[in-house]
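Input: a single structure, listed below in structure tokens.
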Amino acid sequence: MAESTTYAFPARLWAGIARRRPPGIDRIVWRSPLRGPWLTSAFGAVLLATIPIVIVTGLLSYVAYGDQARPTDVGWLRLPMFDWPTNPSWLFRLTQGLHVGLGLVLVPVVLAKLWSVVPRLFVWPPARSIAQVLERITLLMLVGGLLFEIVTGVLNIQYDYVFGFSFYTAHYYGAWVFIVGFVSHVALKLPTMVRSLRSRSFAQELRTRRTDTVPEPADPDGLVAADPSAPTMSRRGLLALVGGGSLLTFALTAGQTIGGPTRQLALLLPRGLDTGDGPNDFPVNKTAEAAGIRPGATESGWRLALEGAGASVTLDRAQLAAMPQHTAVLPIACVEGWSTTQTWTGVRIRDLADRVGLADPSGALVQSLQEEGAFKEAVLNEGQVRHPDALLALQVNGVDLSLDHGFPARIIVPAMPGVLNTKWVKSIRFEEA
Amino acid sequence: MSSARAARWSRAYGASGWHLALMLASLAVVTYVVLTVGLAALWDPDVWWQSIAVWFVGAVVLHDLVLFPAYALVDRLLRLRLGPSAGRRATPRVPLLNYVRVPTLVAGLTFLLFFPAILSRGGSTYANATGLTQEPFLQRWLLLVLAAYLLSALLYVVARLRHRT
């Protein structure tokens, strides 16, 4: 091994661990002629440029949930909450589409980055100083946090709740552990990354064929194999392979949020399935049956209860339909990263507030006929209540809502996370400033 | 700090004082995160393997000690059979290796990302959320993998023919 044999304090401890080599560790031989600081830094640079986008859009999702943000009681980890805007209407579609889509697209890069540094995992002794022990702990935060976020995210968007614990709690706190590991890793390794990237010419690598590919010069971290085999792939070939993996993932996921004909390409994702061509044939989130909506509750006996400033009004569906109707083309975007844009028609929420004497409502609590579950009710902020396109929709694409899309009436508000657009609305209580 | 003291410090600790400050700050924040989550949420005494703590460490163990060795082994077998040094000829005209590697990686990556759909693991949760079933996904995935191998085989034949002329 080319590594130095000096130990920091307490030297006897490190030397003692070094002597106790685990059986089999000497039989591990690293053969790839491509591993080296330049290659690792190339993957690192891609992740450094993109992962902050995944982090920020993820945290924005927490803000977008407003009063419904989970987990609560997060202490100092509480984000600076602000009223989630309603303009542009595709805001949540964009942020959440990026969070989920980019998160998936980066999986091949993450795997390649881990492959490129895996010899470090099997170095013996694992540490020669207290500094290295501490650094290994922060690496556990980094790698553990990243893999944990990927695994829980991938399972969640496909409804595989094998993990048993709360996704929101796990994904939120897991993100913080990852962020700490990420920041400290970047702070420690940024100079190494810059130096390594400058050690070779990127343009030159793109011109180098497999047969001309030679290993990088030996490095102090031992990423470069001591006795590499002949290359089976050029460095540019490996970069193309990883980039191709990301491109394939993009092709298989982007359609779930871009929609239109590209939806067919998302052929392995829940919202890539063909739902038909009818006006109500777009993806559903939670069926009426699953929400426990009793068949009779949505028929002629259904009433909408409005409350505010001491006044209360009850309307049936015919009375709602007799009020001024407004039509808006709005996306409904889910936290799982898919979205669908439809033409909604119904009564402006602010017109409903007017009916109970609140011309300038500051918020509202919307309740559903759904009796169980985290999203049987939702709190809307001032902007969401007052926006001219914020509707209690009765129709979609020119016909009555289907039962699964929220008949007799559902909320649709620009840029609001999909699940907060309450279906099967039973009552709205308006707040005054 | 004088340079002699700095050198002595570095010999004792193994890195600079700045390094130690960064590490301690990171540990402090993560300790705070762990305390905020609370042990009750991190550890499920009834079903131990459904604990957040187990999944956090388990994700690393699964990647480092299962996924990595597994794909490294498969690749080693492929290289021994199909690599540039395999077979009688020292340099085969067009090595088959990468034409097998790439579609195999397509199969592996798509399975890794979409196995809950492919294996229909969503069950009633999936049906409740979407009103659909996961039944189409296995066939779609198999067709995708088949297409990847066929396309790769086609490209291999083209490469062989071009090499001959």
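One-based numbering along the chain as shown.
Just so it is clear, glycine is given a Cβ too, placed from its N, Cα and C backbone atoms.
Listed by sequence, the residues of this chain that lie at least six past the ends of the transmembrane segment (A:38-65) yet keep a Cβ under 8 A from its Cβ atoms are 79, 81-82, 84, 92, 95-96, 98-99, 102-103, 106, 109-110, 112-113, 116-117, 171-172, 175, 178-179, 182, 186, 189-190, 192-194, 196-197, 199-200, 202, 216, 223, 235, 238-239, 242, 335, 416-417, 420. Annotation comment: TrEMBL describes A:38-65 (among others) as transmembrane segment.
Residues or ranges marked as transmembrane segment in TrEMBL: A:98-118 (among others).
Annotation source TrEMBL lists transmembrane segment at A:139-159 (among others).
Annotated transmembrane segment per TrEMBL: A:171-190 (among others), in sequence order.
Here the region 'Disordered' (A:208-227) has long-range neighbours at 1-4, 29-40, 116-117, 119-120, 123, 199-200, 233-237, meaning same-chain residues at least 6 beyond its ends whose C-beta is under 8 angstroms from one of its own. Under the heading region 'Disordered', TrEMBL lists A:208-227.
Residues annotated as transmembrane segment in TrEMBL: A:238-258 (among others).
Residues annotated as domain 'Oxidoreductase molybdopterin-binding' in TrEMBL: A:298-432.
Here the domain 'Oxidoreductase molybdopterin-binding' (A:298-432) returns a mean pLDDT of 97 for the predicted model.
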